[in-house]
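K.L.:
One structure coming up, written as structure tokens, with questions to follow.
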Amino acid sequence: MKNVKRTVLMVISLLALFLFLTGCGNSNAASKKTLTFWYAGDGDTAVKPIIKKFTKETGISVKIQSIPWSQYNDKLLTAASSKNGPDVLLMGTTQMANFVSSKSLLDISKYVKNDKALNPNNFFSGSENTTKFSGKYYAVPWYVETRVLYYRKDILKSVGYDHAPRTWSELYEVASKLSKRGKNMYGFNVDGSEPTFGFMFARQNGAQLVKNGKTQFNSSEMVSSLEYLNKFIQNGVSPKQDQKLTIAQSFGGKAPIPMFISGPWMLSTIKEEAGLKDSQWAVAELPKGKANNMSVTGGGNIAVFQYSKNKTNAVKLLKFLSKRENQLTYYKNSNSMPTLKSAWTDSSLKSEKIQVFRKQLNNSEAMPALKQWEEIGQNYLKVWEPIALKNNNIKEAMDKFNKETQQLIDK
Amino acid sequence: MHSSFLKKIVPYTFVFPALLLLAIFSLIPIVIALLISFTGLDITGLGDWSQIKFIGFSNYLQLFQDSAFLQSIMNTVVYVLVGVPLVIVISLTIAILINSGRNGFFKMMRLVFYTPSITNTVAIAVVWTYLYNPSLGLFNTLLAKVGVGPIGWLTDPNVAKFSLIILAVWKAVGLNMLIFLAALQGVPRSLYEAAELDGANYWEQTRHITLPSLKFSIFFVTVTTLIGWFQFFDEPFIMTKGGPLNSTNSVALFVYQNGFQNSNFGYAAAGSFVMFVAIIVATLIQFKLQEKQRGE
């Protein structure tokens, strides 16, 4: 009797163990026709309607998995190392170099070259450049973003300016006047948490960041552009550190920070949260430096996962997403701007503020496509911080940064 | 014969799942991390294992020349040295105070002190970021009312570390208080009654009865708190990203930044191993001390 009991117990515990183990190895028994699509951000409102149409037309069902941007890179790393992931995935333009280098993305050059719908000339060159690595294509541009100047029209008027600053010297002049409105009032935000901010100004000043694999971060153009930015901070024209203000606190009301540079996502944030009338604020193309007013192109691309078992259907989805009407639907659902040039003739993109972005896109380039770029950007922020806080010598700091970055790239 | 074999095997079937979990999710990853720490594994190697180069100890050598890493060690030492004693003293004091009464008020206080522990760290950190806000935060607003100038809670390199400690202590007190309370309720009343008959006052009772009876729970709380503070991560990750001027960066956050942001997996694995060894050593010292006390 005792033995029977014991045997039963053992069988049960082994059974439990077996169930536990099989539970782990997620058996991929779902129909082969289903594509998995990893989407950073809110895929449900933004792309689901487009996907539904795709399924209706082709009979291929797609499962969207939305992952917050903050966790997206971790998730991609896991997929890259386990070689087990989705069929189709959204890639931030700055992540491309990394995941091309880890061989996680399928080389789609033959589709791009043979298919009109995926022709690179259809897209903004700034976006297209983020999909191309040593002559091969690894993704299709999906949406584009670029940085422009946001400013408070009414407040600029109160200090005597009826237009946004058009040059660097004008930017400083206006900002300086604005900062004299009172205590804790500033004119412009020199962004100390955005890795591309200093590099963007350096390019406007004629600096090249990396030339033929040689870093140029201590060039006189780079140093003098950082000196220009530091002038804002040391003279109290820009806050030294992130003030941790909401947009309503920094840009609404009396606007302690009435001018700042940001991307298209701020349009809806200001509209919804700042409590301003549409006539009180505007956007403008970036002020021109010594060389140009070049902005930073960012955005997202759509790629096929190298280890997908469903590549033909995955490419079909890429093509479908690149259609004009779908790019426009995406814009309406998400406010992310289409990279397809032909989409910009649509009336939904006619508004004055959006057109500023359109013009800025003519003068906008992505950051260098190096797999170490993320680290370089983070290192730059660490170099910038003591400059802003302690007024450290810029030339010395950039000499050291340049040397270290060169070592990093050569490694 | 058959039944004796069964007898022997049955206990193992019960511990086997736990051992298996431990092996899959702890032991094997630790060994893999150790191996990775001797390679220059980066994003390229991740996708193509033939690209991984074995580089011996150079990650470790580089670590100890990296000023950011050395600073994060110093920061972590401060976190541990300030945070751990604070947590133990405060949670023990609160537990003894709460244990002194049985009515509704004491029950409510127990809830009040425990609530932070069951709230998500991320949620807490976001709310405290608002409290610490330099110009609009509650703390600086209240300070301004009594005429004290604004404090850069999270923006002043000398203050930020302690702002994070305050938050982490506040959050950690609840759980440890509960452990102490449970232990306190296990102390036999007869000991106190005997001491009272002998004329011992409240302070003497606490010192000679309460504290010695709690020896094991104090040890337990010390070890778990110590390990927790060595891995201090959530608060700087959400609130300061290690800044300003790297003053709040912890070793755990340094490892995360190098591994998951910069994709220097080999380097990050080496950093995590330094932390791993430090935790083991600290725990072993604790165990030795405990044994010594028991031997007396």
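From the backbone N, Cα and C atoms, a Cβ is placed for every residue, glycine too.
In TrEMBL, annotation is done automatically, which means it is predicted and not curated.
Pulled these features from TrEMBL for this protein:
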{"type": "TRANSMEM", "residues": "B:12-36", "note": "transmembrane segment"}
{"type": "DOMAIN", "residues": "B:73-286", "note": "domain 'ABC transmembrane type-1'"}
{"type": "TRANSMEM", "residues": "B:77-99", "note": "transmembrane segment"}
{"type": "TRANSMEM", "residues": "B:111-131", "note": "transmembrane segment"}
{"type": "TRANSMEM", "residues": "B:162-184", "note": "transmembrane segment"}
{"type": "TRANSMEM", "residues": "B:216-233", "note": "transmembrane segment"}
{"type": "TRANSMEM", "residues": "B:265-285", "note": "transmembrane segment"}
K.L.:
Near the transmembrane segment (B:265-285), which same-chain residues lie under 8 Å Cβ to Cβ, leaving out any that are not at least 6 residues past its ends?
P.N.:
30, 33-34, 36-42, 45-46, 55, 59-60, 62-63, 69, 73, 223, 226-227, 230-231, 251-252, 254-256, 258-259
K.L.:
For the transmembrane segment (B:111-131), which recorded stretch in the set B:77-99, B:162-184, B:216-233 gives the largest number of Cβ pairs separated by under 8 Å?
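P.N.:
Answer, by Cβ pair count: B:162-184.
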K.L.:
Looking only at residues six or more beyond either end of the transmembrane segment (B:77-99), which have a C-beta under 8 A from one in the stretch?
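P.N.:
Beyond its ends, the transmembrane segment (B:77-99) has Cβ neighbours at 106, 109-110, 113, 161-162, 164-165, 168-169, 172-174, 176-178, 180-181, 184-185, 206, 210, 214, 218, 221-222, 225-226, 229-230, 232, 250.
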